């Protein structure tokens, strides 16, 4: 094992990664395996540095003392020689040469500082996966890229430096106007280079969902999956062996009146969103430092919607109209989401670079159209993505469930809904009300902070959520399933366990993010990170890395169990939910590793299981 050069607690000078600047740091620990020192800067930032990037303070002080001791003597000597009456001409020549050397040194220092700033900007504007993670872990890839960037930038600025040095050499008295003009030109070129680097580094490098081919196929595969599930539920025997289901006539899938009802529903929710009720909060800082404002009134919109539905039922409006035209509503919602996605992409072409989504700025039309090119598209103060995330689809899911409950009672001549239908409606109502009541928590999710608003979210919010999440209730209308009270009690307990894990885990995380110093959270332990945030290693987050996903999967299973075990179709939601959460978990792991670096590796060693304890 190699000997350590610096001890824990020792104050040394550490080089900031990607630059030539050294700052005073304190050594906190040393990893014998990776041979990296964990150091802490004065502002609290913790990084892992190689031994070659650390120097003792004495070496810096020694150099400073040498330069300071020698420079006064040179100045005194030059002054005494210039004032000597015996050699006035030689003194003047020496003085002019010293002045010229002083100008050269000053110009060289300025240019070297500009080069260092360019390297620093380039390194910090690279994609985190290509810079931060490897840089903090001491891997050679980052160093090689930084050296390459230095060479490129030096080659760009070298001709200008040579020209200026030649002018200084042969022009002893340059005019002030020409000098100022050259300085302005050099400064302008410097900042243009920075902007070019920033624009190139903001492009999306890593493509998800299979890249361009995968996203192109998903644009057609997702609507086809929805229609397939709904057609199968309509069959007397919804077995997977009965594939494909009989297809209806194309003209029967579209009705202008149904599309009009969908538009009325969408704009009614938009009206509720614009009402000046509820508090206004700020979201997380954007890349330019600006914070958007959001009105939190989703729960009020739900109450107003419930009042409107109650009024329709009071005036004997038959809500099972939704069930009779279910496929047509799904087609209308799909057509609307496609039109909305086209509008979003067209308007994103005029959006500034800093307003584009980090994950949807690849430069490929199909990929950016699917994932979303613009991060927060707004019409005035109306945030389109935030509105669609909770309002039309999520509240519409509950309205559809209610319509299916009434349709079951009418079709089977029941005075009250079946126990299975009551359980499904109750469980999913609790889930939606919880989301609306804790609406502010959605502002920290990846859907809001990272993903753009394109076809993926538009179709997911307006079609997938209301028509696929209500699959269990839709199945029970045509395939009633009787369950006993003991079985119902067991399913209720299972759902309560899942909900408790889901809500308590999210509450722990949200409360810790808002106020880590809260005395009520003193029992929680965490690992500090370079970003200033902490990674919880106790409570639910010390049990598995994503306990909220574990609660989601348990609840999804409880929603499907009332449908019995005759067919696998009602459990499609569970299978889909597991696949979705595993995909999201992989995305979270990737982004957290980029963001937190060494701290995330320590967290993964402390909490080895991702979603399922002792399994995965």
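Just so it is clear, glycine is given a Cβ too, placed from its N, Cα and C backbone atoms.
What TrEMBL says about this one:
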DOMAIN    4-62  domain 'Tudor'
REGION    53-109  region 'Disordered'
COMPBIAS  66-75  compositional bias 'Low complexity'
COMPBIAS  76-95  compositional bias 'Basic residues'
COMPBIAS  99-109  compositional bias 'Basic and acidic residues'
TRANSMEM  209-231  transmembrane segment
TRANSMEM  256-275  transmembrane segment
TRANSMEM  296-315  transmembrane segment
TRANSMEM  327-346  transmembrane segment
TRANSMEM  457-477  transmembrane segment
TRANSMEM  483-502  transmembrane segment
TRANSMEM  523-544  transmembrane segment
TRANSMEM  564-583  transmembrane segment
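The stretches the transmembrane segment (256-275) and the transmembrane segment (327-346) meet in space: the count of Cβ pairs below 8 angstroms, excluding pairs fewer than 6 apart in sequence, reaches at least three. Ranked by Cβ pairs under 8 Å to the transmembrane segment (209-231), the stretches 327-346, 457-477, 523-544 are led by 457-477. DSSP assignment over the domain 'Tudor' (4-62) gives 9 helix, 27 strand, 23 coil. Sequence-distant neighbours of the transmembrane segment (327-346) (same chain, 6+ residues past either end, Cβ-Cβ under 8 Å): 223, 226-227, 230-231, 248, 252-255, 258-259, 261-263, 266, 368-369, 372-374, 377, 384, 453-455, 458-459, 461-463, 466-467. Among residues of the same chain six or more beyond the transmembrane segment (296-315), those with a C-beta under 8 A of the stretch's C-beta atoms are 268-269, 272-273, 275, 277-281, 390-391, 395, 398-399, 402, 432-433, 435-437, 439-440.
Beyond its flanks by at least six residues, the transmembrane segment (523-544) meets 44-47, 136, 501, 504-505, 508-509, 512-513, 516, 550, 595-597, 599-600, 602-603, 606-607, 609-613 of its own chain at Cβ-Cβ distances under 8 Å. Averaged across the domain 'Tudor' (4-62), pLDDT for the predicted model comes to 82.
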